[in-house]
Each structure stands twice: as C-alpha cells, then as structure tokens.
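Here is the structure we will look at.
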Amino acid sequence: MADDKSQGRTLKEQFWDPVAGFGVTFRTMFKKVVTEQYPFEKLPTAPRFHGRHQLNRWPDGLEKCIGCELCAWACPADAIYVEGASNTDDERYSPGERYGRVYQINYLRCILCGLCIEACPTRALTMTNEYELADSSRAELIYEKSDLLAPLLPGMEQPPHPMRLGDDEGAYYRGEFMAQNSDQAPEEVQS
Ligand code: SF4
Ligand code: SF4
C-alpha cells in the first residue's frame, strides 16, 4: 500500500515536502517567544476587564447596596441571590430605608457578562480586574456579601452606624461630597 502511494507522488513531493515542514519549525525557533509565564508572571488586564464583583461603599463606610434585587433580576444566569432588609435608627448599614442583608454571587454560574452592574441603580455593584476565581470546592465559589464588600478605606467606618455625611439621603446619591472623597477602589470598572 505504501509503495502504491509513493508511486503516485512526484519526486518533489517525496523529498521536499518533509523538509519544508521542518522549515516552519526552524523559522519559528528564531521568532520572539509569545508564551506567557502565568502564574509566575501576571500581565495586567484591560482597564475595563470584567472580573470579580465588588460591593462598593460610601465615603463614610456605609454600603451602597439597597437590597433592591435589580441585579438579580437582570442576571441571565440566575447567579445572584439578594435578600433586602430595613435599616433602623439603631442599626444602619446604608443611607435610606433598605440594605442588602444577604448578598451572594454564584461563580459556578456567572458568565461575567456585566448585565448586573448595568442594572444597579446606586453603582453599588461594579466589577474588579481580579480574574483568579478558580477553587477546589464548589461551595467556595458561592461568594457571600463579606467576600464581595469593598475594603474599608481611610476615613471609613464599619457599619452599622449613622449616616456621617449628613441626614439627607439624597446628598449621598447626588454625590455632593465626591469632590473631596473618592469612594471608588482603584480597580473598579467604570460601566
Ligand atoms: S456578570 Fe452576568 S452572569 Fe455574572 S452575576 Fe452579573 S449578570 Fe449574572
Ligand atoms: S447591588 Fe445594586 S441592583 Fe443589586 S440589590 Fe444592591 S442596589 Fe440593588
């Protein structure tokens, strides 16, 4: 069979084609290496890369999330679970009436599409550039509110506490203090 096949091929095809194949190998050997040495060397992502979510805070540390569930309704993968609750004068987590008592994102389902952050009316929910989300347990990939909340920056206070930026809830949402205080972590993605 092999002889029959080679009889049908020209002399050029029998001798030159295998050498030509090695030609590609030799040419590639002298080109710049494009292999990335991840995880030893990590390249920065694009600034608007959609990575792990973050629940943001106001400059006094109160939470921006009002537990409205719009993000959960917008999610095409049913990856978000929210339970809202009422603030009281003694126990306040966000300006206004409501806050997110339970907030979970299931990263086994999430496709990092960003529809949830578009739906959020208070910009409580944004996405960071963090992409290392693999884990060895399915349970660990359901992130709780405590995993998603932005860290306390200087000047912020862990809720519950009263509104430190004034009694006017609208002043928070109008961002009247934004010129002096930035509440956005450096990695926050602008939607
Ligand atoms: S990024 Fe997309 S899939 Fe993930 S939680 Fe948000 S809406 Fe759902
Ligand atoms: S993250 Fe935004 S959309 Fe989701 S419950 Fe909180 S305030 Fe509503």
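One-based numbering along the chain as shown.
Placement of Cβ uses the backbone N, Cα and C atoms for every residue, glycine included.
Listed in TrEMBL:
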type	residues	note
BINDING	Cys65, Cys68, Cys71, Cys120	[4Fe-4S] cluster 1 binding site
BINDING	Cys75, Cys110, Cys113, Cys116	[4Fe-4S] cluster 2 binding site
DOMAIN	55-85	domain '4Fe-4S ferredoxin-type'
DOMAIN	101-130	domain '4Fe-4S ferredoxin-type'
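When the binding-site residues Cys65, Cys68, Cys71, Cys116 are compared by the number of other C-beta atoms lying within 10 angstroms of their own C-beta, Cys68 comes out lowest. Neighbour count (other Cβ atoms within 10 Å of the Cβ, all protein chains): 20 for Cys120 ([4Fe-4S] cluster 1 binding site). The Cβ of Cys113 has fewer other Cβ atoms within 10 Å than any other of the binding-site residues Cys75, Cys110, Cys113. Checked against Cys75 ([4Fe-4S] cluster 2 binding site), the binding-site residues Cys65, Cys68, Cys120 differ in C-alpha distance, with Cys120 being the nearest. Excluding the listed site residues Cys65, Cys68, Cys71, Cys120, the same chain places Ile66, Gly67, Glu69, Leu70, Val82, Gly100, Cys116, Ala119, Pro121, Thr122, Ala124, Leu125 with Cβ atoms within 8 Å of the centre of the [4Fe-4S] cluster 1 site Cβ atoms. A Cα-Cα distance of 12 Å separates Cys113 ([4Fe-4S] cluster 2 binding site) from Cys71 ([4Fe-4S] cluster 1 binding site).
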